[in-house]
């Protein structure tokens with residue numbers, strides 16, 4: 001009787017043979033001696049057992065598993081053999097240095113290509129600006145062909161191999177990525193793998209009954225099955241449609257977690273996995289460095305569950321990861337999981353998503369601004385921040401999406417806070433329905449049956465810049481100081497660095513009027529960017545402040561890595577934490593001066609250099625921070 005390890009080894013050898021069977025004996029002999037085959041075979045030896053185990057856990061009883069694997073690995077070999085030499089060099093470099101993403105040099109930016117630059121050629125022209133800001137990572141949103149009109153901001157993909165014609169061509173994208181690499185900037189794109197648009201060829205052929213695409217999506221003849229699923233599903237966009245299904249013109253029902261034009265893929269069909277792996281490898285060979293794995297929580301469906309965060313979803317992502325380790329190991333995954341904090345962290349791991357959005361820290365930064373109290377933020381940094389080795393948070397202040405209050409009710413309850421009541425307060429505060437609020441946000445997806453609501457708005461609008469609040473500029477700098485210094489990869493939603501306000505015209509566009517997130521998706525404001533070096537303007541003060549902090553971070557190895565230790569300031573308005581036993585960070589979330597007492601600082605050295613202020617401060621006496629002031633103190 002063979003052991004499981006021996007069985008996997010035999011399958012691996014069989015599949016290697018099958019990959020080469022399509023070649024003539026002479027071709028095969030040459031391939032087997034090639035460096036490409038040596039590297040590919042080595043990576044198969046290392047990562048195929050993981051791939052096999054993950055797929056077996058999902059599809060073990062499906063007779064299509066082995067033939068699917070055979071086609072998948074043949075596809076992976078073709079992809080690797082066609083990968084250009086510079087990308088293969090990056091593959092090896094990142095295999096040898098998996099912590100490249102944790103360097104203090106890393107600073108990210110994210111933008112809509114059309115809104116920021118018009119098209120891909122316009123974006124290429126802005127590379128000198130990205131270098132000026134200090135970016136080493138650029139997330140380009142959204143790039144691919146999508147339906148005209150409503151498309152969830154481009155996240156309803158009609159083809160993963162065609163750029164939206166308004167932006168350019170695949171050739172243009174390849175040129176932009178090469179130019180970014182030349183400038184020392186990694187390219188990040190979205191991998192929207194939970195769903196496609198209803199106009200995707202697969203969707204059209206599945207709906208038409210093409211046997212090659214049978215069961216690529218969840219299509220039901222009537223409401224019997226959808227009604228059973230809906231009993232346990234969470235409504236994501238209740239304004240768009242109740243439940244998780246939409247009716248087709250012929251009366252059938254299709255699974256649409258998000259919008260009626262976004263059809264969920266059916267991963268219980270192993271050929272869907274193989275098809276999406278092919279799209280993933282195509283993107284890798286364009287030169288993409290990081291794939292933002294969209295909507296990771298939703299990819300597996302199971303009756304009687306919420307169909308979120310199921311074990312099979314994790315297994316499938318790990319299987320995609322294993323394919324990438326074999327055929328394009330330079331490419332990392334970034335998780336997008338806006339779920340309970342316990343579940344967010346489960347997607348992050350060297351074998352799953354090496355980096356992941358940090359929605360808890362983002363939400364708690366805004367919470368701390370509203371309450372002026374650091375208790376929830378301090379708790380999260382203490383117990384929920386540190387990640388496994390070789391992984392990192394993507395720390396952000398704003399994004400293209402709404403703000404959801406994703407802290408755990410049990411965490412809030414431990415501090416004597418009602419999670420439900422506190423979320424109601426935060427929603428009222430940030431949409432200016434609370435006395436004394438400085439924010440000018442917009443409600444998003446209010447659900448009257450649950451009371452749930454999220455918030456739209458740019459950082460500048462949410463900190464009070466629209467009404468010239470005297471503390472608005474310092475609030476933005478404070479928030480970004482946390483993102484830049486807590487450990488991991490900081491991400492700037494481009495426009496924030498010059499204080500871009502909401503687009504108040506979003507509701508006048510019929511393709512956007514039912515989605516308030518367009519409020520914080522304004523076009524590039526040329527006038528604001530022209531002011532970025534003028535310290536008499538808010539744009540200049542924000543830009544120069546952020547640029548200074550970025551330069552400090554990138555020049556100082558104390559910001560390397562991702563781990564921290566919280567420091568109790570004994571002041572409810574001041575957050576404190578230590579990085580690498582060498583840097584003590586403080587941030588005052590109050591509009592009044594606040595003090596850390598000498599007694600609290602007694603274990604610290606007598607003096608420390610403030611990297612932001614450029615001054616030496618005494619730590620053997622009370623330390624006062626001005627309203628919204630940040631200090632990064634060298635203590636070793």
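Glycine is no exception: its Cβ is also placed from the backbone N, Cα and C atoms.
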Can you find which of 152, 474, 560 Swiss-Prot lists as binding substrate at the same site as 195, 262, 292, 400, 401, 517?
152
Taking DSSP three-state, what's residue 195 (substrate binding site) in: helix, strand or coil?
strand
Check each residue in the chain of residue 294 (active site, nucleophile) that is at least six apart in sequence and keep those whose C-beta is under 8 Å from its C-beta; list them in sequence order.
155, 190, 191, 192, 193, 194, 336
Provide the three-state secondary structure of residue 292 (substrate binding site) computed with DSSP.
strand
